[in-house]
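As recorded in TrEMBL:
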type    : residues       : note
BINDING : GLU108         : Fe cation 2 binding site
BINDING : GLU192, GLN226 : Fe cation 1 binding site
DOMAIN  : 91-244         : domain 'Ferritin-like diiron'
Amino acid sequence: MLLKVAPAFSLVNSQVEPQSLPLFSSVPSAQSASSFLRLSSPSNGVGSAVVFASKGSENKPLTGVVFEPFEEVKKELNLVPTLPQVSLARQKFSEECEAAINQQINVESSISYGYHAMFAYFDRDNVALEGFAKFFNELSLRDRGQVEKLMRYQNKRGGRVQLLEISLPLSEFDHGVKGHALHAMEFALSMEKIANARLLHVHRIALRNHDAQLADFVESEFLSMQVEAIKKIAEHVSQLRRVGAGHGVWHFNQMLLRE
């Protein structure tokens, strides 16, 4: 904001009451040249403001403080797009950050798709592990919510969502040594670590492009939750390795069903 000095202008309110209690005041020493500022709120409800320049005991109104509109706005107005297909909200949002978000949307969509396939597998009548089906379905819905969150953020920053091709997930999780329960849980742990690594990649791109808002968005909305998910699934893998592929899987399934 620009401050100019006008030839004849004083900021004085005739309704000032010297005896009123000042809301804010700055009183200088009488021996040195200084200024005096008082903002008060009298009992009659009428606000007052006084600005003086003083030297010694001589008090005179300070002339020439004039506020003008932001000159910077004139430059910004030239940057406002006029084409209907161009975002009006976009500001300091690089193409690299926009592309990284679209890639993360693809990663989260692929993982959600994979969890949905795992849900369908454990819901089969010849597998019949309803607790595992419930667990993986909840993970699929969680990642679907993360996809929508990323889409909304992309639109908020003025970017364009571009949906990329999703790879075909596994549909069979039976394993001759580990069993299907442990094999699927280890697969889930690998997917969570991939998602976390890709989120850290988006965070690095945000820092490289000096996009503090995107970096904060990734930190506050994704990274903490991702670390918690990795810890929880890692514990499930350890427990399934301990119980083996036999009757212990059924008890583990009951535990997931009660959660």
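Cβ coordinates are placed from backbone N, Cα and C, and glycine is handled just like the others.
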The residue listed as 'Fe cation 2 binding site' and GLN226 (Fe cation 1 binding site), Cα-Cα, nearest whole angstrom: 12
Under 8 Å by Cβ from GLU192 (Fe cation 1 binding site), same chain, sequence gap 6 or more: ILE111, GLN226, ALA229, ILE230, ILE233
Averaged pLDDT, computed only over the residues in the domain 'Ferritin-like diiron' (91-244): 96
CB within-chain contacts under 8 A for GLU108 (Fe cation 2 binding site), separation at least 6: ASP143, GLN146, VAL147, LEU150, ALA195
